[in-house]
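These come from TrEMBL:
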type    : residues : note
MOD_RES : Lys206   : N6-(pyridoxal phosphate)lysine
Amino acid sequence: MQVAASQSFRRVLSSMCTEPHPAARDAAERFLASNPGDPTTYPSVSALEDEAVSLLGDITGLSNPHGYVASGGTEANIQAVRAARNLAATDDPNVVAPESAHFSFQKAADVLGVELRLAAVADDRRADPDAMAELVDDDTVLVVGIAGTTEYGRVDPIPALADIAHDAGALLHVDAAWGGFVLPFTDYEWNFEHAAVDTMGIDPHKMGQAAVPAGGFLTREKRVLDALAVETPYLESTSQATLTGTRSGAGVASAWAAMDALWRDGYREQFERSQANAEWIADAFDSRGYDVVDPVLPLVAIDVPRETVEALQERGWRVSPTGSGELRIVCMPHVTRAMLEEFVADLDAVRA
Ligand SMILES: *Cc1c(COP(=O)(O)O)cnc(C)c1O
């Protein structure tokens, strides 16, 4: 069988993944056949994982981070819910999140038998602390804030959500799966230093430019990570806190290599390019009379008729809509100005 050519990113505009940094690609290849899930057998990838977690701590304002390189944001969210549930005393646990939360929380609620309560967001599309507080009760084990929402790139008021969580005796989880590698270069209060955040998800395989799969799960306190540990009778290490068993050494090594190469100047330069591109494409649509959700992070949503989106898809553009049908453009590192210019030329052609 002929193996198809690997995916080209030339017309990919709605993905949260991107071309890995060359150092990440190289590291992934070198560690393809290693398993960080078995650290005594594979000590070198395990040492890289410790360094990767420490770098994730630098990026998120946590000087003594506990955590690991997960399979992605979904696993980090499941683990945050699981840790909070395991630490709480209630038999009827619930999680309170804004309705802008990623759909992975529905999976978490489903597999863990936890009720998911979604609060309406405010007019600015961020979590509304009053609406969240109304859903919190004695059985709330976790409050969730999003630092860079999947659909609109919005950053929830994390310090206010931390207060709500802790007043109720619950933990606060911040989902920075997509936003974590751009937020350090903004004025938002989103990280472990800015607020009493207990757990966080941050994905090197999105804006971090690592190879897939490379997510990050971090906890401020060791006891929270320990709440996930199970005994591992046939391995030499005695316990395991990860959700998966065998894990991708390629993902771990590439996460470390990408962060080692890019934190912090490389990520800053990329953020500046991506944000400028987002503002450029927002202006391009705005000047053509479309309603644009302004990009506070490098992600733009535009109200574009369905048939225009389909005509652009027919021209090979990988674009997908938000839940409310807006065209969503994520200015990932592979999205260049030249690509966006070509896209706008096609837009003008199909709407003419
Ligand atoms: C992408 C995303 C996720 C899911 O991450 P995966 O790596 O796809 O599992 C979770 N939360 C947010 C905010 C995301 O953007």
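Placement of Cβ uses the backbone N, Cα and C atoms for every residue, glycine included.
Any TrEMBL annotation is an automated prediction that lacks curation.
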Please report the three-state DSSP label of Lys206 (N6-(pyridoxal phosphate)lysine).
coil
Cβ distance under 8 Å to Lys206 (N6-(pyridoxal phosphate)lysine), same chain, sequence separation 6 or more: which residues?
Met16, Cys17, Thr18, Gly73, Ala177, Trp178, Phe181, Met332
